[in-house]
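Pulled from Swiss-Prot:
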- 6-40: domain 'WW' (DOMAIN)
- 25-112: region 'Disordered' (REGION)
- 36-61: compositional bias 'Low complexity' (COMPBIAS)
- 87-109: compositional bias 'Low complexity' (COMPBIAS)
- 150-172: region 'Disordered' (REGION)
- 323-348: region 'Zinc finger-like' (REGION)
- Cys323, Cys326, Cys345, Cys348: Zn(2+) binding site (BINDING)
Amino acid sequence: MAQPPPQLPPGWVAQWDPNAARQVFVETATGRTSWQPPTAGPAGVAPPQQHQQRPTHPQGQARMSMPQIQPPPGMRGPSLSPISQHGPGAPVSPPSAGSPAPASIGPGASRRRAYPTAHLAANSISYAGGYDASTATGAGVAYPGAQDAQPQLFTPGAPDLTPSPYGAAAQPALGAPGLAPAPGAHGAPGVGPAPGYAAGGVQGITNQFQAMGVGGGVAGGMGQKFSTLQTVNISGVQPNVNDLERPPPEIRLPPNACVSTNPKANADPSYQRCTLNAVPTTSSLLQKSKIPLGLILSPYRSVREADGDEPVPVVTDTVIARCRRCRTYINPYVTFIENGNRWKCCMCNISNEVPQLFDWNSETNQPADRWQRPELNHSVVEFIAPREYMVRPPQPPVYTFLIDVSYQAVNSGMVATAARTILETLDRLPNSDNRAKICIIGVDTSLHFFSITPEGTEPDMLVVSDLDDVFLPKPNDLLVNLTECRAGVEALLQRLGDMYKDSLVTGSALGAALQAAYKLISPIGGKIMVLTASLPSVGPGALKNREDPKLLGTAKESTLLGAASSFYKTFPIDCSRSQVSVDMFLFAPSYTDVATLSCLPRYTGGQTFFYPAFHAGRAEDAVKFSHEFSEVLASPISYEAVLRLRATKGIRATAFHGNFFVRSTDLLALPSVPLDQNYAIECEIEETINAPFVVFQSVVLHSTSSGERRIRVINLALPTTSSMSEVYANADQIAIATLLADKAVERSIHSRLEDARDALFNKLVDVFSTYKSTMTSAGSGASPQLAIAQNLAQLPLLVLALLKHVGIRQSSSIPSDLRAYAQALLTTLPAQQLIPYLHASFYCLHNMAPEAGTTVAEKGFVMPAKLNLTSERFERHGLYLIEDGQNIFLWVGREAVPQLCLDVFDVANYGTLRGGKTTLPKLDNSMNQRVNAIVQRIRDSRRGPYRPHLYIVKEDGEPSLRLWALSLLIEDRFEQSPSYMQFIGQLRDKVNGGS
């Protein structure tokens, strides 16, 4: 049986060497290393030899030599720049006993030795964990001492002084959106104040290493050290929009918190993140900070090779170790005891037996290395579940399409576009084992079933007009195996677009169609995909047009955002019990009651898509819907799922947000789990936490389309603290804003929109007031400044963006359908997509840098510099791009030169340019190619099925389109909403008034 990690002598830490795939032991006081665990001895005492050589690779190949050195203050261990006389990768042996000492450098150098670095150029082991890739490639060294460091995105070295043919001089370019900034990436040292020179002696060197974040990764180090609190004044200061792309505060766990030194042993923020990366030990401290404690999770984040994503490791031997008391799954934060025969749970501290086959490789029938098991090295892992995790065998993927065939739907081209998209996507449906089943039902004031048999190629239409007691004609031929009946399915889809071209029926019996689909697939479960362009008007679930312009912008507007019929609340609960999910694709020539119909996906784990004023005659509409519909159809299915959160004793989940049904106090039922769907869980501290760190474990038990029952486990470990300053220094403003968006939507539906807006502003006032009274010298007195921790400096900007968002904004001109759909997005978009949806990206295109819009070797695709969201950036001759992930606007100034119009839009001048929804032409000139590349990059860079529309907005063009684009410039005053500077002034006055 594998042995647990040895207890290290004082002054030694274990680090992970990814090249050797094993641990290396580092003496932090001297820098010497060893492959073998050090023996106990006086801390910090070096062996008799002058220099210690780096241990030999386990396979006998010499890795590199490493003289005993003292790194300069502020550097991350030995990850330093190479000296010129040694090429990258050249190992340097330690100097011989009689060799001269290195030359001194700088004033006072005679009292300090120089820092040899050449031997660290190629394969330097970073004291933050593993090999430092940036150093190996000759990049600059990241260090935690740059006080006001900005994200290190690409910027051309020399500004182009050649005037742009379209206006002012070129701007510098920044890295593409969606790419993580280099400094402070997850698991790397964060940005903090520059540490001073440490005191002399071994203790001084130790302090240097602590300041550099040594051991501050997953496994801890010499001592637990939290992110440094940096207070900034945001009053009168323009927000730095690039801060929104910075990673959350670094998670710094105490030493020996983790059984593995693998840097992936803690959850990536894209899977699971917490509003606080240092959890208060008491409820009183949490409440005093006014920061909500919550988790933001996206358990099925899409894996994209283009982004460097790695697939989730899978444990295939069905050996699953769980705590016998709290049922926690074994993870990197448990403790092995009794010579590795038992493990102590990190949640409830009870000891459990290690399974007999835990150290056995079932494929080779040989003993296995315990420390290589995925569940002990990775924060996100999947287990193939044995039979005891199955109520029934995993069912096949089932797709039931309810397609509106009324006059409105046929006339808009929706029916033909949907049929063509399904036909083209049949080969991409999850059907690897040929078990997928499909059913198509047409809906107007009657139900149109299609009987398909394996032998025939011509489907039979069966019409049912009795809506009060729906029955299924030929039920065995309605839901058919896709592989066996492929010819009949294709024949139906090819004819469907023309079958109803002469129909004049205008009603919709959607409720009866839903009941029929449920009756058909409830024994199996599966997906009901509704495509409708009509308001349900007859039969069960019939709705009336309740849009009342007089209610918009009033206290009664919230009545338009809840379900209008109880049918749409009770029916999805029945679906959830039978593992049936509903996806809604809504096409709106007029009022569709999105608020009511979106209840179906909300309680069944589905998705809502909305296409206002859809008409397939516009190529842009057809392409957007076809792309999004096919992406949803082709995405891997995780169905028959339940989600549960477990946390360290003393922490309890109190509220849940997202698309699911709460089956019990802590169990969420999800008939399907879409890719890139977001969920939020609020937590509270019930009792004092005595542990040095806490663990949150999210578990999703689900079935795959290939017939496997799997368990996805996501672990997040966070240190605890009793210090208010450490609570603020470790707050994650992105996670906080995501949770506040969920709470605001819920408040607006169950109370009033005004209450939701007030709650957002009051939460901001509470946080700033508490920070001012506890963390600043101003205390309770009035102050002209507005102080907050640097990592929370953009929280007011995000709250203002939420207050100005179409889902929450005070306005009498926002149709309830648009507001309801925006709220559906606010509660389901993962944080990486939600923040751009709240705070749009703004670029100047007419004078962007020469490299912007192109792919540069070793730099990737280069985007223009991001601008603050204010119309002050507009120039009358300019071309600008504003995008929020759902729509892209090209703003064209009224004095745009003819050459710009010709190069980009292929029109002679501004006067002949038409505004509105469009597709850019592809021309043979650099400017057009770069703008097209930027638009395509924006569409491709974010996860999820969405394809944003592109609009041309002329400065003096259509007023409604112009106001729509301007509403995204949240730093400006808009309608009743204040500008950013006015908002900060109101916040400062409120904070001073309440002090």
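Just so it is clear, glycine is given a Cβ too, placed from its N, Cα and C backbone atoms.
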Collapsed DSSP category at Cys326 (Zn(2+) binding site): coil
Residue, out of the binding-site residues Cys323, Cys326, Cys345, Cys348, whose Cβ gathers the largest set of other Cβ atoms within 10 Å: Cys345
Helix, strand or coil at Cys348 (Zn(2+) binding site) [DSSP, three-state]: coil
Cβ-centroid neighbours of Zn(2+) site Cys323, Cys326, Cys345, Cys348, 8 Å, sequence order: Arg324, Arg325, Arg327, Thr328, Cys346, Met347, Asn349, Ile350, Asn352
PLDDT averaged over the residues of the region 'Zinc finger-like' (323-348): 95
